[in-house]
Amino acid sequence: MEYSSYVINNILKTQNSEIPLKAYLYLLLGVFCIAWSAIFVKMADAPALTSGFYRYFFCFVVLLPIWVFKGIKVPDGKTLLLIVFAGFLFVADMSLWNLSILRTSASVSTLLANNASVFVGLGTLIFFKQKLPKIYWIGLSVAMVGVFLVAGKDILQNSGVGFGHLMAISAAVFYAGYMLITQRIRGKVDTVNFMAWSLLACLFFSILTCWQQDLEMIHFNQKTWIAFIGSGVICHLAGWLCINYALGFIPAAIVSPTLLIQPVLTAIISFFLLNEILRTEQLIGGMIVLFGIYLVNKRS
């Protein structure tokens, strides 16, 4: 559940002479990077919203020299407002997801948040009156069955963990809104400027939320600062740069289902580092959810 491939295009310039194997390696490396997102949130001994702020902060610090080099351009007023609103939606998404991660497992939260593409389809139907093919509705139904298997028991029997599951699903809704808006404006502003302006919006809304909640922002241990940097630089920036580099060579039809490896890798990493173990029905439900998301993506 990261920066969408609809938004972050290829910042790294691709060369026709590059061999396909290198593109596949970049794709796998990118998926591996974003799979650590929930892990870093769990590792950080910090409030969930603070983790979100430093994710944007360290990503922006690394991006800033690139932004200056490429040339800072101020979009027109309407486009800038849409970018700011997109930043607000992304902060809402990331805040809910981070809060969810601390209430439930990293793997389950990541899996549920990956349902964003399902809600994007519903958004295109509701707001843009776009007719959806039969395969979308099949995928939606399959994914919802999987979600019930993954989260249903906890929602009914364990209010704390169940609320965390609902937060992850809500995060997917906000991320879907973010994707819909950015698809509308991505042709009006170049990638670097879009990323930079949206990160500034994210920083504004994030620090405002942290200030309102009176959260700790400075006094953290070394492991927590490493987690903050890893989240911003490895997951938020490097991961999606690698993936979008691969998009310069590999068709999106292959990249999209490959991204479904993310929650699987998160589950594996969390098993070894966080001792998180999924229940049998969650494993089965997880596979059903991934298949449903695959069908939804297949419609394109």
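Just so you know, glycine gets a Cβ as well, placed from its N, Cα and C.
Since the structure is predicted, the reported quantities are computational estimates derived from the model, not experimental observations.
The domain 'EamA' annotation in TrEMBL covers 22-150 (among others). When averaged over the domain 'EamA' (22-150), pLDDT in the model lands at 92.
The domain 'EamA' feature in TrEMBL is assigned to 163-297 (among others).
Positions annotated as transmembrane segment by TrEMBL: 23-41 (among others). The list of residues near the transmembrane segment (23-41) in space but at least 6 beyond its ends in sequence, with Cβ under 8 angstroms from a Cβ of it, reads 1-2, 48, 51, 97-98, 101-102, 106-107, 109-110, 227-228, 230-231, 234-235, 238-246, 248-250, 255, 258-259, 261-263, 265-266, 269-270, 273-274.
If you look up TrEMBL, you'll see 53-72 (among others) marked as transmembrane segment.
The transmembrane segment annotation in TrEMBL covers 79-99 (among others).
Feature annotation from TrEMBL assigns transmembrane segment to 111-128 (among others).
The transmembrane segment annotation in TrEMBL covers 135-151 (among others). Residues 108, 111-112, 115, 118, 121-122, 162, 165-166, 169, 281-282, 284-299 of the same chain, all 6+ positions outside the transmembrane segment (135-151), place their C-beta atoms under 8 angstroms from a C-beta of that stretch.
Under 8 Å from some Cβ of the transmembrane segment (163-182) lie the Cβ atoms of residues 1, 4, 6-7, 82, 85-86, 89-90, 92-94, 96-97, 99-104, 108-110, 112-120, 122-124, 127, 147, 150-151, 154-155, 194, 198, all in the same chain and six or more residues away from its ends. According to TrEMBL, the transmembrane segment annotation covers 163-182 (among others).
Tertiary neighbourhood of the transmembrane segment (194-213): same-chain residues 3, 7-8, 11, 47, 49-50, 52-53, 56-57, 59-60, 63-64, 67, 72, 75, 80, 83-84, 86-88, 90-91, 94-95, 182, 185-186, selected by CB-CB distance under 8 Å and a gap of 6+ residues from either end. Among the features that TrEMBL reports, transmembrane segment is placed at 194-213 (among others).
Positions annotated as transmembrane segment by TrEMBL: 225-247 (among others).
Annotated transmembrane segment per TrEMBL: 254-274 (among others), in sequence order.
What TrEMBL lists as transmembrane segment is 280-297 (among others).
Only residues 6 or more beyond the boundaries of the transmembrane segment (254-274), in the same chain, are considered here, and those with a CB under 8 A from a CB of the stretch are 1, 5, 27-28, 31-32, 34-39, 42-43, 105-107, 110-111, 114, 243, 246-247, 286, 290, 293-294, 297, 300. As a summary of secondary structure, the domain 'EamA' (163-297) carries 108 helix, 0 strand, 27 coil according to DSSP. Across the domain 'EamA' (22-150), the DSSP tally of helix, strand and coil residues reads 108 helix, 0 strand, 21 coil.
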